[in-house]
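Engineer: Have a look at the structure that comes next, please.
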């Protein structure tokens, strides 16, 4: 007798159940990790703490003091070794103080697309998902700020002083001397160190991934507290994150690493306000990093045919100076940098006014000097053994006023505080060793060779064959808005030119209308409709913004209409006056060169103020100023 039904193999069924169980567990953990990555869980309600806000780090636990690998992902300041310690600290008061430590749960993440919103009923387990895109909400709702960092606060950091700080050596992690010297120079850049030690960046950081400024703050804090050399592996191991072409274990250029580091810090500052694509170019110049290293170069080109002058501005973070000919000092190199250059031959300049390639004179100057001036001497030329090893003397006090666009006001004076030297063999440019000389906040100079520190005199520093020089202004810039005033002046000049063009068009139409109205009218050249002042005294009006070209056109057109609508009596009086004027000229009673102003006999039927048409030339603009914003 056959059994009815599907035959069941117990071993196959067991394996199937086990497989389904492991698949379910895998899918569960996958969804859990995905949710933890893309959602912020808010449990700040009064119900208590039942979520683990953890992030990887390496500090001591704030509860038991053991080695910790996690931290609170809200404030990013308190660290724990386990979830039990975090729950204990949460219930003992961290729940109330977490907001004061740093970022709260309501702060939008810079990366997460969605977030969890805490339940209004006080039960943290009943948290609900707020299906609102944080990224899209930030871009559409955040209003662009004109000033990202207060300049007055920067001036306080610039004048900050801490004489107790002493230099600390850094261990060489394998061809990392190029990074060690830059980290030493940045660690003794006064406004940057003052900001990291006094205010700090970690609590305000909006990044969920690796942040160079956060790591550099940890580096500065450790260097200020340590008496022994330590390894900067937290930064060296992330060279590819700092610069795409940098690599761990390879010999790299110190100047290139510094450029990457400054650009990375600038990018971090912009991320706090939405990123480089959202922040306007003008506001990008108001970050802390721009206040420290940012300046402005002016490139001026003058046409030799029409004398047309064109100015272009470019943002600068450092100054790369070449060593041409017999230049033996930094001042001579700067003279060559700002010297006039003739554009001719195959390098002719295309003039916008001439619309042709012409011979021109070009000069590059400094429009706005930075607070921290970084000068890189271009010692490397073509070839593997093409390094220029000649000594270039440099002063302790550098006066930058002779190299400014407008001669300077005497305040662009700098003091030397760091020197980077590249040691090589046989003028090789592909290998060598970097050392640096640093001046502390008390004025003492030190020679730092990785982990070795030696006190030196100023004469030893000035005798070196420097590769990079770092100068600090004696006094911070008085204002950071000089570029904006220039742009405002440019816009005002452009507006005047536009108004003049509109006036010319209106004037030509007025002349045509008057001539067509009456052929016996007196001669009128290029009239510009104005109103003569009223004889009765009146209080001076308050200044008002200049009218737009459309308003000017409408006003002048209204004057034309009023002229065209003159009655026959006014026309006859004008004809009679013109006839009398011709008779006087014929009899010799009047000078024929004097133009009779027929408008004197015109009157507005609606007002007692007479209308006067006078000769007025539009302003001619010889300067075409352009602005190049650094991206």
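Cβ coordinates come from backbone N, Cα and C, glycine included.
Here's the feature list from Swiss-Prot:
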ACT_SITE  177  active site, nucleophile
ACT_SITE  433  active site, proton acceptor
BINDING   61, 64, 81, 85  Zn(2+) 1 binding site
BINDING   72, 75, 94, 98  Zn(2+) 2 binding site
COMPBIAS  534-548  compositional bias 'Pro residues'
COMPBIAS  578-594  compositional bias 'Basic and acidic residues'
COMPBIAS  619-631  compositional bias 'Basic and acidic residues'
DOMAIN    168-474  domain 'USP'
ZN_FING   61-98  zinc finger
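On this model, are these features tucked inside or out on the surface, and what's nearby?
Structural biologist: Counting only same-chain residues at least 6 apart in sequence, those with a Cβ under 8 Å from the Cβ of residue 177 (active site, nucleophile) are 433, 434, 435, 450. Under the DSSP three-state reduction, residue 177 (active site, nucleophile) is assigned to helix.
According to DSSP, residue 433 (active site, proton acceptor) sits within a strand segment. Other C-beta atoms found within 10 angstroms of the C-beta of residue 433 (active site, proton acceptor) number 17, with every protein chain shown included.
In the three-state DSSP reading, residue 61 (Zn(2+) 1 binding site) counts as coil. If you draw a 10 Å sphere around the CB of residue 61 (Zn(2+) 1 binding site), it holds 20 other CB atoms from the protein chains shown.
For residue 94 (Zn(2+) 2 binding site), the Cβ neighbour count at a 10 Å cut-off comes to 21, with all displayed protein chains included. Residue 94 (Zn(2+) 2 binding site) falls within a helix when secondary structure is assigned with DSSP.
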Engineer: Write down the Cα-Cα distance for residue 72 (Zn(2+) 2 binding site) and residue 85 (Zn(2+) 1 binding site), rounded and given in Å.
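Structural biologist: Computed Cα spacing between residue 85 (Zn(2+) 1 binding site) and residue 72 (Zn(2+) 2 binding site) is 11 Å.
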Engineer: Can you give me the Cα-Cα distance between residue 72 (Zn(2+) 2 binding site) and residue 81 (Zn(2+) 1 binding site) in Å, rounded to a whole number?
Structural biologist: 11
Engineer: I need the most crowded of these binding-site residues: 64, 72, 81, 85. Count other C-beta atoms within 10 angstroms of each C-beta and give me the top one.
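Structural biologist: Neighbour-count leader: 72.
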Engineer: Just to confirm my parser: what is the rounded mean pLDDT across the zinc finger (61-98)?
Structural biologist: 73
Engineer: DSSP secondary structure for residue 72 (Zn(2+) 2 binding site), reduced to helix/strand/coil, please.
Structural biologist: coil
